[in-house]
Amino acid sequence: MAKRHFCKPFRSFSDFFATLIQFIPIISWLPNYSIKEYLIADIIGGLTVGIMHVPQGIAYSSLAGVTPVVGLYMSFLAPLFYMVLGTSRHTSLGSFAVVSLMCGVAVERVLSEKSLASEIIIYLTFLLFQILMGMFRLQFLATYFSDQVVAGFTTAASCHVFVSQLKEVFYVRGQPRHSGFGQLFLQLYDIVRCIGQVNLYTLLVTFCSIVFLLIGKELINPWIKRKRLSPVPVPFELLLISFRLPSPHLPHMNLVADLLVDGVQIALVIIAVHISMAKMFAKKLLYKVDPGQELYAIGATSILSSFFPVYPISCSLGRTVTNVNAGTKTQLSSIFSSALLLAIIAYFGQFLSALPMCVLSSVVIVALLKLFGKIADLRKLWPISKLDCSIWMVSFLGTVIYDVKIGLAVSIAYALLTTVFRTQCSKLFFSGLIGIYYRICRIRMTTETYIIIFRFDSPLLFTNVERFKEVIYKVQSIIEHYELSYQTIFVYKVVGIFVLTSPSNLTSKQQPLHFIIDCSGFTFVDYMGVNALKEIFSEMHSEGFLVYFASAKAPVREMFASSGFYAYVPKGNFYPTIRDAVSIAKQRHMNNLLKFEHFRHVPDSEGVIDELHSSNVPLQTLNQ
């Protein structure tokens, strides 16, 4: 009887337990928890974040179209579930302005007499999209949400949130609902048009609430922190508020067709924000997070939370930063955060129904001020990368001009388009060599050039093969028609490419040039790229060049083998390093000189500098 083979988790009890630990990380880190080292920091961090949960949970619930206490429920439950399943020590799960707004848009679109707002948001929370992404290892999709996409999108979404609160601030009613192109500006126009109907009492309450919160947050709390009177900020939002836990129940599944698209879009935003924040702070604080496990953790937290009246949970940017600054050490801080929220739910929830909406709007507006501060990122991005700055701007403008759903799609599409643009406009380097090869920035030249090294710092694929060939042929033409003085090396810029040439009798048929293609810049090559290399090899060989390939990575070599490239270009033309290719080229050059009796001594340079890996070539004249 043949021996049965089992997959790894079922080979032994130890394998099964190890696999179980991977899905429940608290089993691995809790036994090593140091009470003396971590407990005080976790208590302070948990209480600090718990205080932030209260106003944000209450205020953001109004954005989602549900009662204020729903935000407290999700702020109480989600951190507890995530503590058991998550790998990030500092991300704060609960309510988030952008996700709340997206939920509110979905609720407003689907809401009817047969479906209540609470049923709609519970279904959005119940979606299994994150768990399915984890099962199929699709966490790489989150990489398409670059920092610039997330920053531009969240800042623009904050503008939508801000405008949505103005109707409560001014207490204007009866405005038509807008969607699609220009909806933000149409809402502003409607508010301005109804400015004569403003309720002055509501406006006064809003103004006083905002001033009260700003004084407390910007003046009193920093003063308390400087005096070290208390490590935990005073919850001024609670002073503006003058709960029985819900019982779990299964969500209704009759809204699948209506909410599937909204659910997927909301899930993508949640995943992108959460994983980007988790990675950023893990790198900063020197610990590791598992993106795959984070998908399971977010998905399982959403599903478990959906049995209670909550809406989709997300990582909050502001609370996560506060969690880090408060000195939190582990996920155990969530216990203290949730304990504080439990007390508030139990003893203050009954008063929330009488809370004026303009007060909630004041809390939202004050919370948005830090998100609007992201606009300052443009000043940093512009001198560093114009392309990254354009991604931020397109994400912001696309979301402001349209809405959050279309803006998200536009942001991702443009970010992908810039990736294609970067591959098409990659840097290419040529260098003329004299007896040895060198780094371009440190050159010690002699008087004979017969080796050209070419490097293309990009994947070679269908989007850039034409430019690849065009530049090589352009430089080949320059080499064949220019005769240079031997005393100076000139750096030319040809169609965006730096070309280094130097003195010699380049057109001599008795001294063929050796052309080395440095393949170290090829991360991968597609079939059109292989054909382009074949064409270049053939044409340059017919012009009298000796063509070499060096430093090809394993995936590139595998592509050459599977495409039949070695049948067209002999393997003798391939070398493991630039040094090997240059050595063979020098040897062949010497043999050629002896053959035609034109040999003369070529002095060596002072030392051999390693392979050509310079990324910038100075556009100037370099004297010998």
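Including glycine, each Cβ sits where the backbone N, Cα and C put it.
Remember, TrEMBL labels are computer predictions, not curated facts.
It should be emphasised that the depicted structure is a prediction, and the values quoted were computed from it without experimental measurement.
Taken together, the residues in the domain 'STAS' (441-585) have a mean pLDDT of 72 on the 0 to 100 scale. The annotation domain 'STAS' is assigned in TrEMBL to 441-585.
Marked as transmembrane segment by TrEMBL: 12-32 (among others).
A Cβ distance under 8 Å defines the sequence-distant neighbours of the transmembrane segment (38-55), meaning residues of its chain 6+ beyond its ends; these are 72, 75, 92, 94-95, 231-233, 235, 237-238, 318-319, 322-323, 326-330, 332-341, 344, 363, 367. Taken from TrEMBL, the feature transmembrane segment covers 38-55 (among others).
Look at TrEMBL and you will find 62-85 (among others) tagged as transmembrane segment.
Within the chain carrying the transmembrane segment (91-108), a Cβ under 8 angstroms from the stretch's Cβ atoms is held by residues 49, 52-53, 56-57, 60-61, 63-66, 71, 74-75, 78-79, 82, 117, 120-121, 124, 153-154, 157-158, 160-161, 164, 177, 259, 262, 265-266, 269-270, 273-274, 277-278, 281, 298, 301, 311-317, 319-320, 322-323, 364, 367-368, 371, 403-405, all 6 or more beyond its ends. Per TrEMBL, the feature transmembrane segment maps to 91-108 (among others).
Annotation comment: TrEMBL describes 120-140 (among others) as transmembrane segment.
Look at TrEMBL and you will find 198-220 (among others) tagged as transmembrane segment.
Taken from TrEMBL, the feature transmembrane segment covers 255-275 (among others).
Annotation source TrEMBL lists transmembrane segment at 295-318 (among others).
The annotation transmembrane segment is assigned in TrEMBL to 330-348 (among others).
Packing against the transmembrane segment (354-373) from elsewhere in the chain are residues 55-56, 58-60, 62-63, 68, 97, 154-155, 158, 161-162, 165, 168-169, 171, 202-203, 205-206, 209-210, 213-214, 217, 237, 240-242, 317-318: each is 6 or more residues past its ends and has a CB under 8 Å from a CB in it. Per TrEMBL, the feature transmembrane segment maps to 354-373 (among others).
What TrEMBL lists as transmembrane segment is 394-417 (among others). Within the chain, the transmembrane segment (394-417) has long-range Cβ neighbours (under 8 A, six or more residues past its boundaries) at 98, 101-102, 105, 144-146, 148-149, 151-153, 155-157, 159-160, 179-184, 262, 265, 268-269.
Take the transmembrane segment (330-348) and the stretches 12-32, 62-85, 198-220: counting Cβ pairs under 8 Å, 62-85 has the most.
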